[in-house]
Amino acid sequence: MTADRSGAVDRRGGTSDAPRPVFETTRGVRVPSITAAEMRAVDRAAVDDVGLPLLSMMENAGRNLAKASRAVVGGLPQDAAVLAGGGGNGGGGLAAARHLANHGTDVTVVLDRDRDALEGAPASQAAALDATSATLVHGDGAVHDAVDVVLDVDLAIDALVGYGLTDELDGTAADLAQVVDQGSKRSLSLDVPSGFDATTGDAPGRAVHPDATLTLALPKTGLDGVPGDLLLGDIGIPDGVYERADVPAPDPSVFGGQYVVALAVVDA
Ligand SMILES: NC(=O)C1=CN([C@@H]2O[C@H](COP(=O)(O)OP(=O)(O)OC[C@H]3O[C@@H](n4cnc5c(N)ncnc54)[C@H](O)[C@@H]3O)[C@@H](O)[C@H]2O)[C@@H](O)CC1
Ligand SMILES: [K+]
């Protein structure tokens, strides 16, 4: 079954008429897909209209990401590298790094920018991370340091860029994506593999090609063609928020008591 993707605005500001992919859980529950613009409207309604704190959703994202890493590795990773950007995606990665460190994983976080450049929720996540055993690498030399770390660890977590990608991946984020692709034993992306457009699935430049992606709340329309397994994480957004954003809410049986479920494409 496919649904109309008309009205989906791609990163170039154009409109995609491609049919929307439909996903389903392993128990056969259908899950609609949404564009980056729709997900941004959901996030905005959650924070501005309902008062759900951004840090709460980010905490849920990070905790689910730490949990999903067990599925990718086959147990708690002994060591992990978290490649993090400066936006909401990076903030989720920093939260996952804290959860993994709290549970005994030897974590190295590589930021794609100076730590002083972080603001808002990601800066709060970095401050909380300081109270763990995790090591943070940032600024000049981050890519060089990342090469050694990523080669060694059980898992590389890609939290560089999510649905906020504009144009092709560039700068340190692009270099780190390449390090993950060329050097990691296993990799797990948050929300969207960095470098892929969440709405269209295009990857015009360098991009991470992960073993698995944990997408948040609802799968994004561009995820039907990306490599690797697809997981869906519940970040606690209530039904009324989807209604306010004019987006179909996931059926309650999608999660059915779980916080991370596997998805497959029904029809692309
Ligand atoms: N409610 C929310 O808003 C939540 C959002 N979360 C995550 O946050 C993401 C959205 O956050 P944002 O809107 O901050 O966007 P992103 O974090 O996806 O992207 C913005 C960051 O990517 C960089 N960037 C964008 N295009 C780039 C390019 N071509 N090359 C290199 N760097 C580039 C920007 O400099 C900025 O630091 C989602 O994908 C999701 O994973 C989660 O943390 C949970 C809560
Ligand atoms: K990502």
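Numbers here mean position along the shown chain, with the first residue as 1.
Placed from the backbone N, Cα and C atoms, the Cβ positions cover glycine too.
Residues annotated as region 'Disordered' in TrEMBL: 1-22.
Under the heading domain 'YjeF N-terminal', TrEMBL lists 39-243.
Annotation comment: TrEMBL describes Gly88, Asn89, Gly90, Gly91, Gly92, Gly162, Tyr163, Gly164, Leu165, Thr166, Asp167, Glu168, Asp191 as (6S)-NADPHX binding site. Counting only same-chain residues at least 6 apart in sequence, those with a Cβ under 8 Å from the Cβ of Gly90 ((6S)-NADPHX binding site) are Ala84, Leu111, Asp112, Leu118, Pro122, Ala159, Leu160. DSSP gives Gly90 ((6S)-NADPHX binding site) a helix state.
Within 10 Å of the Cβ of Ser194 (K(+) binding site) there are 28 other Cβ atoms, across all protein chains. Marked as K(+) binding site by TrEMBL: Asn89, Asp158, Ser194.
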Averaged pLDDT score, the domain 'YjeF N-terminal' (39-243): 97
Distance, Ser194 (K(+) binding site) to Asp167 ((6S)-NADPHX binding site) (CA atoms, angstrom): 12
Euclidean distance between Cα atoms of Leu165 ((6S)-NADPHX binding site) and Asp158 (K(+) binding site), Å: 14
Spatial neighbours, same chain, of Asn89 (K(+) binding site) - Cβ under 8 Å, 6+ residues apart: Ala159, Leu160, Val161, Gly162, Tyr163, Gly164, Leu190, Asp191, Ser194
